[in-house]
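Student: Here it is: the structure, laid out below.
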Amino acid sequence: MARKGDASADPYGEPRKFDPKFRGPIHNRHCTDVLCCVIFIVVILGYIALGILAWVHGDPRKVVYPTDSYGQFCGQKDTINENKTSLFYFNILKCASPIVLINLQCPTTQLCVSKCPDRFATYIDMQGSYRHNKSYWEYYRQFCKPGFNKPWKSVAQVIRDEDCPSMIIPSRPFLKRCFPDFSTKNGILTVANQTTFKDGRGKTRNVTDLREAANGINNVLDARSVGMKIFEDYASSWHWILIGLFIAMVVSLLFLVLLRFTAGVLFWIFILGVIGIIGYGVWHCYWEYDHLQGTPGSDLTIYDIGFQTDFRVYLQLRQTWLAFMIILCIVEVFIILMLIFLRNRIRIAIALLQEGSRAIGYIMSTLFYPIITFVLIAICISYWAVTAVFLSTSGEPVYKVMANQTLCKYANLTCDPETFNTTNVTKLCVSAQCTFAFYGGEGFYHKYIFIFQLSNAFVFLWLVNFAIALGQCTLAGAFASYYWAFRKPADIPTCPLFSSFGRAIRYHTGSLAFGSLILAIVQLIRIMLEYLDHKLKGTQNSFTRFLLCCLKCCFWCLEKFIKFINRNAYIMIAIYGKNFCTSAKEAFFLLMRNVVRVAVLDKVTDFLLFLGKLLVAGGVGVLAFFFFTHRIPVFTQETPTLNYYWVPLLTVIIGSYLIAHGFFSVYAMCVDTLFLCFLEDLERHDGSAERPYYMSKSLLKILNKQNVEIKRH
């Protein structure tokens, strides 16, 4: 009765009118948001064309294989460098950081070699011992330019022409590039256990001079050995990890099935526990307040002592404990009053949770639908990643003049290696060389690579959101079929999940694409704001940083709101088959007319699902911990020997959480769908023979309502 009175004065529209033909999800539908459907299909076709264009122009070998100064790939089969898999830098001291090395922009000659140097050596030392020990030269020449065989050439000319490196340093390959073999000995940085080296120009230098050129590489290389150990742990424990994940799946299923019996118990135990803990806090604050009576200095006020960095000072004041006690008392009274005034709505929320568990029990196939969503998202991610790689590797080799910038005005200008020796550059800049710099181009396609990458990211977001929307609409249609079945389970249609999926694809692709498009636009804006924030992080403009922070916060809130609206709009689409805007408006107004019920149900559902995820991940995690640490006597012999027991342990815990999240996301969608159906049921029907309620008997009992006894055939 109160509901009708409230609704009539509600600014969010009038309650639903009775429709005698309505019997759940409408089957006689028509296509909605056709224009958006057409645009969506055209965009998909364009996305395919973009992928083909990227695959034609791109070359992922540029990522897989490093490229030498001549634009040739190292280690590529059927080439002269097939057996030369590593890239060697003539003078690594010219490289500012590992990022410069990986991007192939280090201003020194780069050469493909079969293996990295394993010793210290200089061209001067090699030349001095060449007459009586030619093996020195045979080893050294493999790091010189191909075809160079003049060990008697002067050092100055060799360094000028960069025929050979002035020095070689013990290195090991990382990302197929030769980096100094750093290690730490007694806290001192060394290379091959040495702290100094000859630079090939008559100077002895400390290995710390190499630090800037290979900054951070040592940690990465150390992580490489850790990675090998982690791989070994996975290889020896993968089957036990699968067993743990299977247990997590079984526990998740059991939790959902048992929620129909335990939802109320779990919630009230938690609430009573919170009330008890706060009550104990009130008593403890009063005890401290009374205990400090008569203690010197305890009657001072917080204002008297001012700000103190040591928080324990405030705990010696009676006023502090009095403030704590008052705050806890207010919180306690607030919770108790909320429970008193909202007790009926809490009972409704618990009844809907139990009804959701019952619905999943009748339509068990819905629990495995997230697999379809996962496959669709995996396809989108794979296509996006491959297209992004091909786009980033599109372009022709670009060569630039490498010379001393202070002496040569042609330094860093583009050049053609085939005609470079016939130009005036070699005459004006004696030591200049035309070497490979990077991949790029000046054509139409290459000028718009950034736009193509942005389009790739946007369509990826759109498709991912569409896959999620399709799953939500499909599940909503299946669970709505359950709710609007008057006699459960007799009136539940056959294959409700498959039928709902067919309706969503056939009639509502445009509506789902419309909602996904709005969300994708907001997400793309958020990504661009994050990019700008990253670029402007070093700026001193406080207003710019403040403005960006505000924009990021606003768009984060907007994204959350749109996700909420979309989710409920898809439920209404699944039930009534209307277009996106109409469904979103009707869902929003329906929820606003019942905003208190929405808030209560949302929090109760969030709590129970969080408890379930914690139970599954924590329970399986504890079991895995005892197993992998050899603390279960029965399985001591079967437990594998591991380098790091936390590797399979964390995998099991994270995997269990994701499995629980997948199952519980279905449950959350079920509860949200049943809730909207419940609100529709209340507004459409009155329990008469002509307009009977479709809700469960437990909900009718909570609302003190009943249906007139009728016979249905």
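From the backbone N, Cα and C atoms, a Cβ is placed for every residue, glycine too.
The transmembrane segment feature in TrEMBL is assigned to 31-56, 238-258, 265-283, 321-342, 362-386, 459-486, 507-529, 607-629, 649-679.
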Student: Between the transmembrane segment (649-679) and the stretches 238-258, 265-283, 321-342, 362-386, 459-486, work out which stretch tops the count of Cβ pairs under 8 Å.
Tutor: 238-258
Student: If I count Cβ-Cβ pairs under 8 A between the transmembrane segment (507-529) and each of 31-56, 238-258, 265-283, 362-386, 459-486, which range comes out on top?
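Tutor: Of the candidates 31-56, 238-258, 265-283, 362-386, 459-486, 31-56 scores highest.
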Student: Six or more residues beyond either end and a Cβ under 8 Å away: which residues meet both conditions relative to the transmembrane segment (31-56)?
Tutor: 383, 386-387, 390-391, 394, 445, 452, 455-456, 459, 462-463, 466, 506-511, 513-514, 517, 573, 577-580
Student: Looking at the stretches 238-258, 265-283, 321-342, 459-486, which one shares the most CB pairs under 8 Å with the transmembrane segment (362-386)?
Tutor: 459-486
